[in-house]
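Sharing the record's features from TrEMBL:
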COMPBIAS  185-196  compositional bias 'Basic residues'
COMPBIAS  224-239  compositional bias 'Low complexity'
COMPBIAS  319-336  compositional bias 'Polar residues'
COMPBIAS  357-369  compositional bias 'Pro residues'
DOMAIN    366-400  domain 'WW'
REGION    171-267  region 'Disordered'
REGION    307-373  region 'Disordered'
REGION    396-419  region 'Disordered'
REGION    463-489  region 'Disordered'
Amino acid sequence: APLSRKTMPKCSGCKKVLEDGDHDQFHSVYKCRREHVFLCCQADCQRTFEKRCEKTYDLCHKTTQKLNNDGHTSALRRLPPGEREKFKQFQEAQANQLNVCPEEVKAADKSVPCCAFVIFRVGGFGAVAAASGEMVAPAAPPPPIGGPPPKSTEVVSDELVSDDMLQVLKRDEDIDEEISSNVPKPKKNSKGKQNKRGQPLLIDYRGPENRNLVTEDDEDLDGATASTATPSSASAWSPNARPLVSSQAPARQRPPDQGPTDKSEKVDMLVSMTCCSALRAEQLLAGSGWDLEKAADAYFRQSNAGPGVAAATGWGARSGQQPQAVQTPYEATSESEAAEGPASLRVLQNQESSAPPAKPSQPPPPRMPPDWNAIWAEDHQAYYYWHVPTNRTQWDLPDNVPAESSPADAQESAETAKREQMIQQASDITGIEPGAAGSLLEEHSWNLERALRTHSLRADARKAEEAAKKKAEQAARAAEEEARKKREAQERVEAERRAAAAAAAAAAAAAAAAAKVSLAPGRFVCKRSWQPKAGIQNSIKMLQGEVVDVTWFEDAEHGWAFCRYLDDPSKEGYIPEDILQAVKRPGRQWPADIKCRVL
């Protein structure tokens, strides 16, 4: 059904406004059980939305663990009824490996602030998750309307190229010899021959059908046993002798219902029994339906021309042959390979003579840029190109097709990757930025060891310089601290002196103020003589020792005082109050013609 703009008008990843339409017009459409719909316009938006779902899933998981560890009752019983359904939905998503809705909703305390209901994918042309959990590629869209562009009408000549037009490319013989000498020789396949030294070799063989085991046992008991026979005696290596097994390594037979099930194990066992090559053993097993016994029989039937192999391995029909010395596994291997040469050659000839299968009916698809696929159209017998994120198809080859990388480009890319790896390694070892590490390596011709050594020396020099600088700074700081202390001491002494002077001045001012306040209109005596300057009006001359009667004092400090003479009250005026002094004792009048002296 078409989506309304009220449901989800924007893309969940890039927030782009989308047009209304059917679900299949978008890359993917998700819908939860609460009818929350989410649209994704391309694959990147879908990945962003899936990350949001994963964060909501982790939040639900952590909240569930916290609720289970908080208290003794069930976690769901401690939640409101409206929040229990979220965790039930989360349990269902956890059991069925589904996503949960990341839509933000109001929630109760100690709950998940999201919808958290199971969300399903309901549409879209992108990759849809199958029932098995794997991502299934969507069906390719139909080809574009119209046919493919017309091909070029170049006339191709059907004339065969003559041999006269061929040119012989001569090579330098020295170069060929040098190349052939530098090519390492392929090592011989040693599969199945590892860890064989020091291990007991269990030998088995197949005898005639009419063999009487009871008679042979009696003969062995009457005559010399195989355990006392020496390798040089004929009885020890006769075809009728039974196999020897060392008493120190008893044979451990596999139960009949258990056998080698792995193909590589069967190949190894056949190689160990027949001493043939691994390729030959694999061919024999493939021809016998991977039956180990049939493959061994086929090998010995084909290698009748080499009796040494059968004698060394103990397989094949017994005959009255002369006793031969036991060959080493390496000698037996070389002889077996020489014996099986014609058979393997026939197999290779059969493989070469078989015709290859029919080639595909369509040409190989061209190289495509990311997010583009080439789809073959049977009706038009041509490729059309599908852009997966937008579901758009076209006949023309898309732009930005990756070009074929040349060997030089590949070498340059490898060199760049190697240098980036060296830069990262140097950055991890030294702890510097990648840019500085690259400059250091480039300075030393991309020699990591030299660069690290130089960095270590520079780091030591820098540390020594920093230590000296730090020591000098500490000395300067100590000298500055000492100078500051001296300066503070001087400032403290100066402050104390100024405080004492200020205190003295304040005391003097207080005394003067007290003295001034004590002055009141009355009788005073002049402490010194005073002569008024010209221009000062209403002032009078005063002599030392003159007694005056003061009637007024000015409020200001060092102000004026208005007084009159006691002898002549008509003489009055202003004089400075600083020349006045209070009379300690009243004076008295002396009669005339009395002589006095000054003490």
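The backbone N, Cα and C atoms fix where each Cβ goes, glycine too.
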So what's the average pLDDT for the domain 'WW' (366-400)?
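Here the predicted model's pLDDT, averaged over the domain 'WW' (366-400), is 85.
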Counting each residue once, how many in the region 'Disordered' (463-489) are helix, strand and coil under DSSP?
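Summed over the region 'Disordered' (463-489), the classes give 27 helix, 0 strand, 0 coil.
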DSSP-wise, what's the residue breakdown of the compositional bias 'Pro residues' (357-369) into helix, strand and coil?
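So the compositional bias 'Pro residues' (357-369) is made up of 0 helix, 0 strand, 13 coil.
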